[in-house]
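Novice: Pulled the feature table from TrEMBL, pasting it below:
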- HIS153: active site, proton acceptor (ACT_SITE)
- ASP112, GLY161, TYR315: substrate binding site (BINDING)
- ASP188, HIS190, ASP276: divalent metal cation binding site (BINDING)
- 401-411: compositional bias 'Acidic residues' (COMPBIAS)
- 412-429: compositional bias 'Basic and acidic residues' (COMPBIAS)
- 41-328: domain 'Histone deacetylase' (DOMAIN)
- 387-429: region 'Disordered' (REGION)
Amino acid sequence: MDASAGGGGNSLPTTGADGSKRRVCYFYDAEVGNYYYGQGHPMKPHRIRMTHALLGRYGLLDQMQVLRPHPARDRDLCRFHADDYVAFLRSVTPETQQDQIRALKRFNVGEDCPVFDGLYSFCQTYAGGSVGGAVKLNHGHDIAINWAGGLHHAKKCEASGFCYVNDIVLAILELLKYHQRVLYVDIDIHHGDGVEEAFYTTDRVMTVSFHKFGDYFPGTGDIRDVGHSKGKYYSLNVPLDDGIDDESYQSLFKPIMGKVMEVFNPGAVVLQCGADSLSGDRLGCFNLSIKGHAECVRFMRSFNVPLLLLGGGGYTIRNVARCWCYETGVALGHELTDKMPANEYYEYFGPDYTLHVAPSNMENKNTRHQLDDIRSKLLDNLSKLRHSPSVQFQERPPETELPEQDEDKENPDERRDADSDVEMNDAKPLEDSGRLLFLLVSSTLM
């Protein structure tokens, strides 16, 4: 594929045209694979552990700074979520949930979003990884990865679509402390509704979601939904039909994202890499190959803008692990061999034991005319934006203190407190960068 299609960036090796090696950090908590949504539930955190095992066997862990996320605290979660909702998540257990029927209904916790052992710790862990990744990007890293994050459906006051805490919104709020504009891109098969809703009325965050639309959860993401007030045209929705393949997907992704990068000029990018858009997903209906999915990562990486890579959906877990392993390689500039090395979960990947899986022969219901029409409408919306919106800043919110555990540095004598493992470099907060949470929460986070 031509990575420069649509006027965007070129796919770069580890050492890009800027002459600098990409500094990549990766967040992982060994306990994350133990959380269990329940029998028959399609969301399986075990896929994160499978991904990590593959990264180790491919030798990628040695190429990154590996960090254990510091659990997000109540006050970190409450920067977006309502206090009573966070208090509920902290207190509810499988044993006590029957005593809280009204609260379960109020907060939409139940069948899709069940109460399970360690629920709040799970939320703290995946949110801590995403916010920690944002802190790292704010202080000099080029790419941060948290495959446990990307839970894009969670709302301010309720769970939704297997998501309880919206780690993405929290990470974006952290990035906004240092960057005037942050871009959010979502390639999960489901619309990134929770993130879009959070920033629907601001021009400081642009959200772009590529998703299945039409009688499909969550039912939002119409091409006509473009944002409101100051945020008008800062929400882009790319509605797609069943069976979209690599070529059709990239015929939209590259020209649209190339124009977004030109017009919006973000200081940081958050890319939600939901793997349920892959061919053969248990809940999905797209036909992307792993290389086609990863081409989105490669393309966004090519702009040399600080990049936060997050997980998301993905319910055929052997393919999720394949995908996120390969995309970690893309982030590092390493092309991985297709023959899979022996690993703890080798039996999951039979009978071929390869990293890549061929897409199916399913029908692509996205016609050339439909794709051309979508691309034309969205490029027209982008033409209505003035380049690089100006932003008024006041005082900067306090720094989030998330002391991640560096897996490579277990000696406590080598560690300092708070952001000790963050190298400050030349990163400076925005001048007078304005009571950010008050301004955003009061006008945006409805």
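Quick reminder: no glycine exception, Cβ is built from N, Cα and C everywhere.
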Novice: Starting from the Cβ centroid of ASP188, HIS190, ASP276, which together make up the recorded divalent metal cation site, report each further residue of the same chain whose Cβ lies within 8 Å of that point, ordered by sequence.
Specialist: ILE189, HIS211, LYS212, GLY274, SER277, LEU283, GLY284, GLY312, GLY313, GLY314
Novice: Note the mean pLDDT of the domain 'Histone deacetylase' (41-328), expressed as a whole number.
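Specialist: The predicted confidence over the domain 'Histone deacetylase' (41-328), as a mean pLDDT, is 98.
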Novice: Compute the mean position of the Cβ atoms of ASP112, GLY161, TYR315, which form the recorded substrate site, and then list in sequence order the other residues of that chain whose Cβ is within 8 Å of it.
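Specialist: Nearby residues not in the site list: PRO42, MET43, HIS153, PHE162, CYS163, PHE217, LEU283, GLY313.
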Novice: Let me check the 10 A CB neighbour count of HIS153 (active site, proton acceptor). How many other CB atoms are there?
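Specialist: Step by step: centre on the Cβ of HIS153 (active site, proton acceptor), count other Cβ atoms within 10 Å, giving 27.
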Novice: Around the residue listed as 'active site, proton acceptor', which of the listed binding-site residues (GLY161, HIS190, ASP276, TYR315) come within 10 Å, judging by Cα atoms?
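Specialist: So the list is GLY161, HIS190.
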Novice: For HIS190 (divalent metal cation binding site) and ASP112 (substrate binding site), determine the Cα separation and express it in whole Å.
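Specialist: About 15 Å separates the two Cα atoms.
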Novice: In sequence order, which same-chain residues at least six apart have a C-beta under 8 angstroms from GLY161 (substrate binding site)?
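Specialist: Correct list: ASP112, CYS113, HIS153, HIS190, PHE217, PRO218.
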Novice: About how far apart, in whole Å, are the alpha carbons (Cα) of ASP188 (divalent metal cation binding site) and TYR315 (substrate binding site)?
Specialist: 11
